[in-house]
Amino acid sequence: MLRSSNDRLGIPQPTSQASGVLSPTAPTSHRSSILPPSSIRTPSRLQQPKSSSSSSPIPAAAVTATPTAPSTSIPGFRKISVSTPKAPTPLGLTTSVPQEDTSQVSPPSSISTTTTTTSTAATPVSTSGSAAAATTTTPTPTPGKTENVTVTVRIRPFSNSELKVAGGVTQVWEVNDGSNIVYNDDYAVNTRKAAVDYAYDHALTGSDNELIYNTSVKNLVQSAMEGYNGTVFAYGQTSSGKTYTMSGTETQPGITPRAVEDVFKYIRENSEREFLLRVSYMEIYNESIRDLLSPEAIDLRIHEDKRRGVYVSPLKEEIVTTPIQVMRIIERGDYQRHVSSTDFNAHSSRSHSIFQITVESRERSSAMSGSPTAWKPAGAKSASAVRVSQLNLIDLAGSEKASSDVERRKEGAFINKSLLTLGTVISKLTEEKGAHIPYRDSKLTRILQSSLNGSARVSVISTISPSYLNVEESNNTLKFAARVKKVVTRAQTNQVMDDKALLEKYRREISELKAQLMLTAEATARAPASGVNGSGVELDKAKQAELSRLLEKERLKHEEEMGEMNMVRNALKERIEHLTKLILTSSSINTKPADQPALAAGAQVAPSSITGGRGGTTVVETSADGTVLEFPKEIESRLAQKDTIVRQLQSELETQQEKFQMMRTVLERASRGEAVDLDKTLAKLEEIRPQEKFLIEKRASIMGLNTLVQSSSSGSLDGLAKMSCSGSGERLGMGENNEEDDLDLMDTPWNRSELQSLRQAKRELEIVVIDQEKKIEDLIALSSSYSRSTTPTPPQPPTAFEDSDEFRNLVLELEEQREHILSMDEEREGYKAALIEMRNRMRRMEMENQQLKASAQAKTNGSSNGLSNGSHETALSASELAAKIKDLDATAQKERRLRLEDQQRSMGRIASLEAELTMLKAEMSVRDLAGY
Ligand SMILES: Nc1ncnc2c1ncn2[C@@H]1O[C@H](COP(=O)(O)OP(=O)(O)OP(=O)(O)O)[C@@H](O)[C@H]1O
């Protein structure tokens, strides 16, 4: 489970129950003693003058808290009583503690000297870490001089669950002399335990994180700023207070935010050097290394080289310029860290987390010359050598007993194994000279190898519970801490002379850019004034016109060139400004608005306040060979995202084109007057509509991508919100930010051409997409015009396509077709009428013919009978009649032939129908027979 940083921080400590008082029989001692909550508070031992001898009558301290006393409260924590010193109580105790301190101190009168204990400390330890000395600065190490690891044990107050359980409030441990841990006398007496005395550099109680920071870490941070590697880690059983110590709460910022603050404070106060800071954050979860700033990067590898020692790669590093920016990054990383609720801790860290600050610094005198010629060749011995050091702040996962949950048990097994290996490595380092040290047995020891084997200053904070319930685990932690105390280191500074240091690289780049800027300035100055005809020569009108045309052309060209030149100059200036901002000096840091107050872990940070320069976080990454590269992960993931979108768009466009072609064919057929199924066509056109949605989505996703890059570079989450609502109104990928971000990312030459070609491809694609969109719109308009013509819908306003020539031609063509069909119809009707007329004429002629025949017959009969009635009713001569009859006969014959043919055709058709009928009848009878 991943948790939010707020979950991780400020987990409220329950209010303790008031119960019990110091037993009158309890031996008083000059130890700090952790007492049950109701114990009377006395002035903190931490404010007492430090005792030089255990036998001297100095007060003892006891941790306590009551919920009822007037107090200065730390939200989420037990209320701590604050009272003024009083007269001794019947128990001989005074009741005064400093604010937020939970130590209880016995007055001198009541103190019996501490019973002598058997010390389990293997080495004599310094007691320099008393609270009184806490805020003083110990000298930075002498290069090459050996020193022991600084070990601090911190006993936290009782937790709520401990207070609730029987025996939970039995206090086992006490702090003695500010540096030793011994058994509480009551506990020792009641359990008849042999006394123990673990000796460390510092032993602390209470909740004051400033105290522990000043006591155990402050010096180490200072020496990290001076070029020495430093490692701080919190070690202890689960729920013993490691995260509380390292991260802290809003009211009690832990070691990490305080260290960050001090890093910037150091830069502010050291004007003779300039600095470049970069940070990374990783976790080891189930023996796999994960980049908390780039969570998709899992299972990172560990490498080693002579120059850098052991390091993890590829690990994202961000260049930082303000404390608040660093806190924001930590918050981001914390959000990704594996945290779960366990049987012992509601917010238990299930991984070891390692936060690294890499500090590069160099004397300003050599760096600030600003002249491009001031650079010495790489490797040259000069004051420009860059010091590189690393500060590791590590919150280990807690050792734990078996958990009831399977997943937690598995995690616990990994945690315990790596902590066991850490213990073994420490043992071997201290006990067996020249023995094989099994650093490689766990990722944790491998990463800590450089620190443990000598070259770093190391401070270990061991956290324990005060309760009897955890006595066994606390004993193990104390033994581990005692062993670590024996580890000897020999810190030394690292000097880098070449471009491997980013500081050197950036300074060189700034110089080169400044030189380029000067060149462009000179070029601008040299540029001729344009548009002036200063010859004073009289020219004729035509020549003058020609000349002014040429001059105008020349002037435009010149303006264009000047515009380009200015763009280059601005880009150079911006880059110089950007790089300069990354390099921190006391003056630059003092002028920064980010002079924030002490940072509380989990404090809300405005996203805008973390952006520096042009609003982008600068990301670097160390390659496997130890070279520091700029931005590769950002570039890679961005290119990959863009590639995917380009591929998607291309395939979508191909589909679109196919459909478009299909539609076109249908429309062409329709325009030719061929039958087309309009409904089907319209349905197909409808299918195209969802693709519009796709294009809009793609546009939005490209816009979102730009926003994402912007947000990732600014470290803010609001970019993601912007992403979700961006897009619809803008053209594909044409967001302004895109190019700007690309410029930011184009800082390295290796990706420049790739980005450019990608941008070019994107632009080409945009044109295709826009073209496609236009065509689709046309098609949709056309389809609706067709549907309007086929359905009686109210008239629509004409679309653009209806006004087009193509549409007009189609309509004309259709009209012509229609007219043609009409004229054909008319013609056919005419033929029909002519035919009928012919038939009528034929009939009339036949009748006439018959009449003529009859009269001719009558004439013939009359002449032969000698009868001549002298009638001249007919004026036709016999020959004329014969001709007419012949004519009519021919027509009648023709008609007969035609009728005969018709009759024959009909007979044929009837015959074939009859045959068919017979067949069908036969089939029917066969079916009947078959019993269907
Ligand atoms: N010195 C302290 N003063 C007040 N409260 C403390 C102190 N140390 C720890 N606590 C509280 O005790 C609880 C457990 O502490 P924390 O989460 O820091 O333990 P942890 O050692 O990091 O545990 P884990 O290994 O499971 O992550 C938290 O609620 C924390 O606020």
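Easy rule for this one: first residue shown is 1, then count along the chain.
Cβ atoms here come from the backbone N, Cα and C positions, even for glycine.
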Stretch carrying coiled coil according to TrEMBL (options 387-414, 527-554, 639-666, 667-694): 639-666
Residue among the binding-site residues Gln237, Thr238, Ser239, Thr243 whose Cβ has the most other Cβ atoms within 10 Å: Thr243
Tally of residues which DSSP labels helix, strand or coil - the compositional bias 'Polar residues' (850-860): 11 helix, 0 strand, 0 coil
Under 8 Å by Cβ from Gly241 (ATP binding site), same chain, sequence gap 6 or more: Arg154, Arg156, Ala234, Thr463
Cβ neighbour count within 10 Å of Ser240 (ATP binding site): 28
Count of other CB atoms lying within 10 Å of the CB belonging to Lys242 (ATP binding site): 26
